[in-house]
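Chemist: Have a look at this one.
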Amino acid sequence: MSDAAMIELRNVSRQFGDITAVDKLSLRIEKGEICVFIGTSGCGKSTTLRLLNKLIDCSSGEIWVDGEDVASLDSKLLRRRMGYAIQSTGLFPHWTVERNIGVVPRLLGWPADRIDARVRELLELLSLPYATFVHKFPSQLSGGQAQRVGVARALAADPDILLMDEPFGALDPITREALQNELLRIQSHIHKTIVFVTHDIDEALRLATRIVVMDKGRIVQHDTPENLLNNPVNSFVEDLLGQGERGLKRASLERVEDFMLPLGAAGLPSLSIEAGSSLRQALSLMLWQRADLLCVRDQAQVPLGILPISALLQSKSS
Amino acid sequence: MTSEPNRVVLTLALLALLIVCLGDFASVQANRIVPGQGLGLLAGLGWPWMTGIVVGLLGLAGLALRPTGRRYGLMLGLSGALLIQLPVALAWFIQQHISAEQPYARVGLAASCWSLLFIGALLLVELQQRVVAGRHWVKLILVLLFGVSWLLIGTGALAPLALLREYSSRSSTFWQLLYGHLSLVGGALLASLLIGLLVAWLILRVQPLQRPVFALLNFFQTIPSLALFGLLIAPLSYLSAHSPLLQQLNVRGIGWAPALLALIAYSLLPVVRNTCVALQGVAADVIESARGMGMSGWQVFTQVQLPLALPVIIEGVRITTIQAIGLTAVAALIGASGFGSFIFQGLGQGAMDLVLLGALPTIVLALLADALFSSLASWARAGVQR
Ligand SMILES: Nc1ncnc2c1ncn2[C@@H]1O[C@H](COP(=O)(O)OP(=O)(O)OP(=O)(O)O)[C@@H](O)[C@H]1O
Ligand SMILES: [Mg+2]
């Protein structure tokens, strides 16, 4: 392997009978990135994910993980190195939250006290109070709680790679957004390589380092969210992005602090916005308050700059 | 607050009242051969006792008209009292009508005695759900009932009961038959579990086998038990005649061998079917995530599939066991040891009490097996979903 690509697919195909679920896929996923797969139902996203941890085998092609050809690896050992979380959670209904989260560490033969410490740590990380949840059974959890536990289980043995198949699907928008924020927060601490499948373009744009758009088992475009928005390769990607809302979608990826102007001598505008907010939020505030000028402040409310409406139209300052 | 009458209790109480007033309570026989003479409540127990029973039943019916929480407690108490007084009433009956100079005289239970027993049991079932801690009260009542009966049997006060007379002249045979019955059922259960789990495992792996295997097992199930016992006689006799080893094991055309084979054949269907249904019923995503976590095939099976399937598998074992207990009684016809021997002897001799001596323990065994496996299943279910 040439360099640090954590996962590399080379010409990977998978047939089910005469259906080609994955068709000559080639792809590099770098260490520490969140690679999001998106595409229409049945385009082969889940199949690709399952190929990575050898839940199914390739019909042809090679998959390399961390410098090793997965064909040469024992599938059980490979899977214990990769966290796996799925939409329906697949939590073991006969085990408590504690036992569910501890399953991979137990398979790896960790001592009990280390498992216990890890379970505490993970429940805290995912904002599930230890005492409340540790002895609950999956049937006693809400959908969002169950998906958190599913994510905690995937993280348990501290794998370098996380495979997540619509882990936040089937959740209401508010819970979903909270979990997305949590994932980003966690990722900023743990720097895993995450392969994430979703149906939701906003989720993809918000989470991804790079997005893989798939159609009929092939890659249509593999790009950063910005590039995807700015240069969709064809009408399929344009449709996926939602024609009428592209401007807003891009604005939601851009941050106010990158567009603000220095504080002038004139007095501060009365309306304020936080520097980390998105341009979309700034625009919304302007539209709502019928204001054309905002004051940009940091979290401690210290003024950093101003944001006139004309600044939103500039290309990003570097 | 007005409440609906409890129709179940009302009906049961009135029915019991009707039978008690019209039917005989027990009958007296001078010996095993002569026909017995039936005596009603009044003639058998005298008017004070009769009044007690009638008032008790009327009270039950009255309370059932306007039930409240408290009245349900009273009803349960009355039902318990009606049950517990039965052995005492019988002892009283025996005292009144059998003298010590009649060593062969016996007392048979008649319609109103039986109906009080059964209706009392049904009342307990109905009332147990309606009273706080009903199950514990019912347990207490049953313990008292058995305790009182046991005491009275121990003192010899109930010795002239026909059932006990039959037992005491055959007590060693009784225990042999119990042993024979249990070992046949146990053997068949063990063998069919081993074979059944294996078969289930196999046909889950090799899907095309599923149809023919179930067809075969269903076919066994449709052969009447007597016919299957009969069909096995000829081949087993032949095999036994040609193999000294089989002769040493006492494998012959009749006896335990054909019975065991037939029992296994009948037991396989419930075991295999429930095991298959149970294992297939484990959610696919749970199995996928078990594999995705890096469990080996064996770990997925023992840690995930089996525990999740266990309640349904145990249910299959429960059905199998109860079925085998009944079939073993029939197997007495081809010489297999079991309580069926008493039943068929009794039928042959026209001695109904001997039939009862075989039938009652068979029923008790089936009830015990039912209770045992039901609680096992609910224990396993509690482990699955809380
Ligand atoms: N085990 C299987 N056996 C047969 N066909 C399969 C199997 N798994 C997937 N397929 C087929 O492969 C294709 C891709 O399926 P896949 O599950 O990867 O889609 P997906 O992109 O995850 O879709 P969705 O968004 O609906 O989850 C589909 O046509 C599906 O029917
Ligand atoms: Mg999918």
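Just so it is clear, glycine is given a Cβ too, placed from its N, Cα and C backbone atoms.
Please treat TrEMBL annotations as automatic predictions, because they have not gone through curation.
Keep in mind that this is a model prediction, so the values were computed, not measured.
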Chemist: Pick from B:8-33, B:216-241: which range does TrEMBL record as transmembrane segment?
Modeler: B:216-241
Chemist: How about the transmembrane segment (B:324-344) and the transmembrane segment (B:137-162): at least 3 CB pairs under 8 Å, pairs 6 or more apart in sequence, or not?
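Modeler: Judged by the Cβ rule, the two regions do not touch, with the required three close pairs absent.
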Chemist: Thinking of Cβ pairs under 8 Å, which stretch from B:106-125, B:216-241, B:356-380 has the most of them with the transmembrane segment (B:137-162)?
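Modeler: Of the candidates B:106-125, B:216-241, B:356-380, B:106-125 scores highest.
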